[in-house]
Amino acid sequence: MRIDRNRMTTEEKTQLELHSLYQKYGYSRYKMGKFEEYDLYLRNKDFIGTENIIAFSDLNGRLMALKPDLTLSIVKNYRYRPGFVQKVYYSENIYRASQNSRRYREIAQTGLECLGDVGLYDTFEVTMLALRSLASIHSDYVLEISHMGVVADLLRDVETEVQDRIVECIGEKNIHELRKVAEENGIAEETIRALEMLVSTYGDHKRVIRKMRELPLTERGREALDQLSDVVSLLASYKMASRVNIDFSIVNDLTYYSGILFKGFVEGVPKAVLSGGRYDRLMSRMGKKGGALGFAVYLDDLDRMEGSDREYDVDIVFLYTLEDDLGAMYKAVRQMIQEGSTVLVEKEIPEKLRYRKLIRLDGSEVVTVEEND
Amino acid sequence: MKKMINVALPKGRLGKKVYDMFEKAGYECPAIREDNRRLIFENEEKGIRYFWVKPTDVTIYVERGAADIGIAGKDIILEYEPDVFELLDLNMGKCRMAVAALKGYHDNPERTLRVASKFPNIASNYYARENRDIDIIKLHGSIELAPLVGLSDVIVDIVETGKTLKENNLEVIETVVPISARLIANKASFRFKTGEIEAIRDALAEDVTKENMKEAPEAVKTGGEQKGGRR
């Protein structure tokens, strides 16, 4: 049977489009269960950024959790093979507490991961797929890219606790607070200026990268910048960089993230719908060899986009009575469905239902009672 | 065409002062000064739409994208930790978040400290940094009453002049954090309306700098004492 895309919700449509996109580039589906040992999240609670996890004991008394994250499970089961990159995609529900309402939510997430000897091409491929994922959701989108290597290099001589506070300020584009925290902790004026420039320079990749070359970076920071520049130039040579912005306010925990970072936005959704990056440090913390990068697309907010509302709940309402000829009725219904309409057969019109057309049988003839077109 | 910018203004005196700043910066909307009960005001030509919301709700409107930008006190931002950009310190509505107790109160670290506050998140974070075990009591108003009737040992609350504290025989023991009004922006809106939001930020920043120049000598005279203006 053919599936009519117009009748799908944005979430369903996007999910299928993303699957097909990732399959085209050779990613294989990674199917997971809903449960995972609680201990995994306890050990990496900063990675998932939430302590509110639904936990329960299974029949052996082991403490289990409903998955609040999918990447950790993929990394846990990963085995390193030199020279190879494992490319997988997933599409599952995760369970997290929403920050404001203090309730658990089930969130649909689709994403991909590259694990192993990840090289420049893989980084480019993941970035390109992130762009194309956003394009499949909405024609007006922005992919913001950043690189933790640059931030880490500027903060190389700063203690971890202060680093965290400064990274937080960078993430808020909060220049006034950044200066205050930096001054309080005796960070050199040159570094403060560099950080301020990092926060206030964003947008077009060529301009931003040129500007960033002026920063007082060491070898490590320059390498990070080169990598960023290589990836974006490659995108640009295929005319895919017009919706790419470089913005160093995209930051994440330095203990897990080491390289390129992404955040994707589409018009009409108030928060990032795509998020990811390179997380080699998580790999080594979990005792795995090799690098890793990936991203996830959050599908739960997409149904709020404009244009995702349908005008009618159903095309045709078919009113019948018990005296009607059921055979003639089904014949007519089948005919209309084959012609592409949706048909609801009822004895009464359901309350608040929006329909295009109301019909009934008169003998064996179908007659139109009402038309709303 | 210019994109409309939605601005969530906090109801009350601070909001009016903030609107004055927007007006000076060239984003006027004269209808807002009329005395009526409307909640939304717009100036299509300038591409700006204002709405009045409860001060504690500004971060919610901005975080969820109903407003592109908004003005919120640092106290609200620290309490609710919204996922937004904090673009500018407006340097107005200045006061501080402080710990206060009955005059002559002596803290006994062997006991769990009972803390009453409208800001449980700020209070917990503060005492977590101090490594102090606390029992937090969330109240919605008249916080000063709590230590007087033995509900709590100390309170964590906003202090402007300290007059209410004084009248109730309370005193500030420690400052938690200085507070002032901040310009915040929705993270997605900022990406799609970058130019417009930057223009507003820069216009307001210019005004803030001018005001600071005016205030500076006075601050020296009063020994840097925080000025009132909130509530």
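For all residues, glycine too, the Cβ spot is worked out from N, Cα and C.
What TrEMBL says about this protein:
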type	residues	note
DOMAIN	A:8-302	domain 'Class II Histidinyl-tRNA synthetase (HisRS)-like catalytic core'
BINDING	A:D69, A:L70, A:T71, A:R96, A:Q109, A:E113, A:Y256, A:Y257	L-histidine binding site
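What TrEMBL annotates, mapped onto the structure for a quick look.
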residue : record                   : Cβ contacts under 8 Å, 6 or more apart
A:D69   : L-histidine binding site : A:Y41, A:F47, A:I48, A:I94
A:L70   : L-histidine binding site : A:M32, A:Y90, A:E92, A:I94, A:Q109, A:G111, A:A296
A:T71   : L-histidine binding site : A:F47, A:G111, A:E113, A:Y279, A:L282, A:G294, A:A296
A:R96   : L-histidine binding site : A:T50, A:N52, A:P68, A:Y104, A:R105, A:I107
A:Y256  : L-histidine binding site : A:N44, A:D46, A:F47, A:Y279, A:R281, A:L282, A:R285
A:Y257  : L-histidine binding site : A:M148, A:G277, A:R278, A:Y279, A:R281, A:L282
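Put plainly, the binding-site residues A:Q109, A:E113 were compared by Cβ crowding within 10 Å, and the winner is A:E113.
A:T71 (L-histidine binding site) carries a helical DSSP state (H, G or I).
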